[in-house]
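Report on the structure given below.
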Amino acid sequence: MSSAQSSIDSDGDVRDADIHVAPPVEKEWSDGFDDNEVINGDNVEPPKRGLIGYLVIYLLCYPISFGGFLPGWDSGITAGFINMDNFKMNFGSYKHSTGEYYLSNVRMGLLVAMFSIGCAIGGLIFARLADTLGRRLAIVIVVLVYMVGAIIQISSNHKWYQYFVGKIIYGLGAGGCSVLCPMLLSEIAPTDLRGGLVSLYQLNMTFGIFLGYCSVYGTRKYDNTAQWRVPLGLCFLWALIIIIGMLLVPESPRYLIECERHEEARASIAKINKVSPEDPWVLKQADEINAGVLAQRELGEASWKELFSVKTKVLQRLITGILVQTFLQLTGENYFFFYGTTIFKSVGLTDGFETSIVLGTVNFFSTIIAVMVVDKIGRRKCLLFGAAGMMACMVIFASIGVKCLYPHGQDGPSSKGAGNAMIVFTCFYIFCFATTWAPVAYIVVAESFPSKVKSRAMSISTACNWLWQFLIGFFTPFITGSIHFYYGYVFVGCLVAMFLYVFFFLPETIGLSLEEIQLLYEEGIKPWKSASWVPPSRRGISSEESKTEKKDWKKFLKFSKNSD
């Protein structure tokens, strides 16, 4: 067994252990690099960052992450629209017995869910633009599509079907952003900050939800179409922020190297790290990315068929991406965010809009905590603690709703004390969700796949998120109308399944580059042992030597056992 292996076995925190360092290794390729250059990656230190360095990184990444604001804004304003009188008058039905307009369960479900259908399709359609046009231009295109959808919705008048068509197109753009923005963030972010920077996407989603709640709260007393058209009109401001921002942010160095644009790739890495393109750290990063690209090319051209490859572990990662994004919706979060105003009116609150603003505030500030800690705690711990915390809160929320909210039956008055308790545990639930699953699910999907199939795999994973959001958004009015707060127990069962899946199947990737994550999967490390895995480059051995050493060690153990 090598000295590197001994160090791994004897040290608990092996990723930071003082381990054997290999001598410089000559490069075996020359695409875009000086043939005489020697890359001694183990001895190259990352650039030291002061306050200005961190500020530059976050400012460059923020316009990309603002793509998360678009679906968040829709969630916030839609939750208010379904309770607005003028909106119901324009797109609802008239009830002669009461003399009021209302939205049927079908129409309400479609109003909420059509956006999700558009997002699912948009992610699948537009993700491939990232490989042909680049990440930045692809984001600009999907934002323009989003603006077209907003125009169709605003121009709708007493035509609910026109509004729904606009909602789908609106979703196409937002869905494209849900794939492209985390993708670009994960590819330009420094390894030690990647989790927090990808989490900015979710932070902006919560910011969009919060401001959406505030906008409908501000327009709810208008007695004309401005009640809902003003919040929709603000979409153009958010879209312009993203388009202008794309002029300032660097392109993905991985995309640039795949296109043989090596100088631009080094400039991109240098810009995000605020150093010279000739800095040794920049050369090392470009060298590692180039190695990964060349290794992927040796496997042939990318295809949809490759997503089902067992040999390269892509299928395993695709299943993980699909399940993590599915579980994100099965936490039950959109039960509160889409129908929050309606839910809290049912617990006796006269102004559900105000409660929605409170929930939006908790959601936003909790996500700020996630941005700060996700690169310190790790992905697995965040997801495990989050599932356990949400499970406890949902059990209490559902139990109070079932047993205590209506002490004299569903037709009787609600208990104010029980209603207040439900709001408190809803806030605890949102805290657990926003600090864990909300950002980490996007991180896991953004960093799990090799660049060769990344756009395809991310689009499928994210489409599953939107598909489940559609199902929950559409069927929730029917389910709650039938089983009321027993619905919460359905999500409890899902949370139990989530906890078990993460523990047994999801590896830890904190502190690893995207290329090192590829090696983690190739070596077949058990997920519950993955936190102590050390990349070959830090052990002082190559990837091939690592695989050979692992096989030899297994043979040695088998021989020893037979000898006994």
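Quick reminder: no glycine exception, Cβ is built from N, Cα and C everywhere.
According to Swiss-Prot, E278 and K416 sit on opposite sides of the membrane. For the transmembrane segment (485-505), the partner stretch with the most Cβ pairs below 8 Å, chosen from 110-130, 195-215, 230-250, 357-374, 382-402, is 382-402. Mapped onto DSSP helix, strand and coil, the topological domain 'Cytoplasmic' (189-194) counts 4 helix, 0 strand, 2 coil. In this chain, the transmembrane segment (463-483) lies apart from the transmembrane segment (230-250): fewer than three C-beta pairs between them fall below 8 angstroms, excluding pairs fewer than 6 positions apart.
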